[in-house]
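According to TrEMBL, the protein carries these features:
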type     : residues : note
TRANSMEM : 7-23     : transmembrane segment
DOMAIN   : 10-499   : domain 'Major facilitator superfamily (MFS) profile'
TRANSMEM : 106-128  : transmembrane segment
TRANSMEM : 140-158  : transmembrane segment
TRANSMEM : 164-187  : transmembrane segment
TRANSMEM : 199-217  : transmembrane segment
TRANSMEM : 229-250  : transmembrane segment
TRANSMEM : 314-338  : transmembrane segment
TRANSMEM : 350-371  : transmembrane segment
TRANSMEM : 378-400  : transmembrane segment
TRANSMEM : 406-424  : transmembrane segment
TRANSMEM : 445-469  : transmembrane segment
TRANSMEM : 475-493  : transmembrane segment
Amino acid sequence: QHLTGTLVLSVFTAVLGFFQYGYSLGVINAPQKVIEAHYGRVLGVIALDRHATNASGEDGTVPSTIPSTIPSTILSTEAWGSPEGMLTPPADTGEDLSASPHILTMYWSLSVSVFAIGGMVSSFTVGWIGDRLGRVKAMLVVNVLSIVGNLLMGLAKFGPSHMLIIAGRAITGLYCGLSSGLVPMYVSEVSPTALRGALGTLHQLAIVTGILISQVLGLDFLLGNDEMWPLLLGLSGVAALLQFFLLLLCPESPRYLYIKLGKVEEAKKSLKRLRGNCDPMKEIAEMEKEKQEAASEKKVSIGQLFTSSKYRQAVMVALMVQISQQFSGINAIFYYSTNIFERAGVDQPVYATIGVGVVNTVFTVISVFLVEKAGRRSLFLAGLMGMLISAVAMTVGLALLSQFAWMSYVSMIAIFLFVIFFEVGPGPIPWFIVAELFSQGPRPAAIAVAGFCNWACNFIVGMCFQYIADLCGPYAFVIFAILLLLFFLFAYLKVPETKGKSFEEIAAVFRRKKLPAKSMTELEDLRGGEVA
């Protein structure tokens, strides 16, 4: 089973959707101060650097990224006695001192996390739109959302910028929610069984590449400055346009054509394009088998997924891997890494953040090869354990920073290790393991529920982390360490190995965990078969 030009083009085009998702996740990180300052001017509140006081409580110096329009007296924490180095309005506005900074924190947190609300809303419509329009057409249509959302952000300076950015982030979120369901669906359906895991990890590779590029472009001498930030925010619209035109060249998923539409000839044509000149009949036979199973297996609604005891274990695992991906604290690092490095006393925190992006990308490439060799379960467990140790080290480093200057290196190394371990397991695996846990009937509902769960957790972390960080300071990652321990225990007890197994064997694992090998109904034994 080899790669053909068409297969490469199709997979590349599809994962451009995940590239945009990564770009949108990372882009908001670097220009935080510039945009906050702009919001401040629009709203008549002046933004003070949030970490003007470092962890040891001495007066910090004013970072150079703050627009020079703000007189430095306002920025000095001594003058304001603001212990957190919070956002503080200038004296002459006579506003209520406690209200204004919170308005900025709220608008900022919303700008970051409203993106995930869009994703939550749209993740439920993925199955429907994918079946109605076909995988390729659906991806074409949803690109319109991306282009509109990116235009709104690109034009943010010409209107009430905080509103335009929040609207633009919400609409690109809608796009990314649809895309994060359609892309794995399409990629898993066009890739040959032998390459399924490796091509499945490309989703994560596209995400981290997007994050990295958004961080590099966010450097203040490129686009992360007061003039250019709207362009920076709206730039993933270029990827949307590219994807739009490339999709016109991609074949429709043969599985969709055959199983959903019953168009045998078109499915063969599509397979020939994807596989080169090898005989499509073997795969057609597999699809025929799958089609009969799909026919004997009724569509499972989201309600049934939760009420039927048959799926309960698998659903629990599917949701927990998503929750552990988001609540591991990785988003906190992506959203606020520049901030964390600043607390750790790095002179040029932005470059350290880009370092994280590079490490992230390198290890995602490595995980593409690992995932077919080492197995999903072992990598997932190893990743969680490594992240747990890193989170503890990071906390210790940040907490003791005021006593020992060298502790800043400890917390920095811990951040890098945290990211590496994330990319080994909890990063890529949740995206494709859900599709592997379920057969044809319950799969669309399961993917929708898992997607919604992923986005909802993303939103909660994005909305709350800034407040938690202001409240707990260096101890914020203790919370994540505790969660990581719980996730590790759950995964150890419940998550099955899915590498190289047919869906039937995986379903059997769940049944074994639930009941002793009583005679199962024949239908249940027929259930997974070789579904790819």
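Any Cβ shown, glycine's included, is placed from N, Cα and C.
Curation does not apply to TrEMBL; its annotations are automatic.
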* Cβ under 8 Å to the transmembrane segment (140-158), counting only same-chain residues 6 or more beyond its ends: which ones? -> 20, 129, 133, 164-165, 167-176, 178-179, 182, 230-231, 233-237, 239-241, 243-244, 247-248
* Taking 3+ C-beta pairs under 8 angstroms (sequence gap of 6 or more) as contact, is the transmembrane segment (199-217) in contact with the transmembrane segment (350-371)? -> yes
* Asked: Averaged over the whole of the domain 'Major facilitator superfamily (MFS) profile' (10-499), what is the pLDDT?
  -> 83
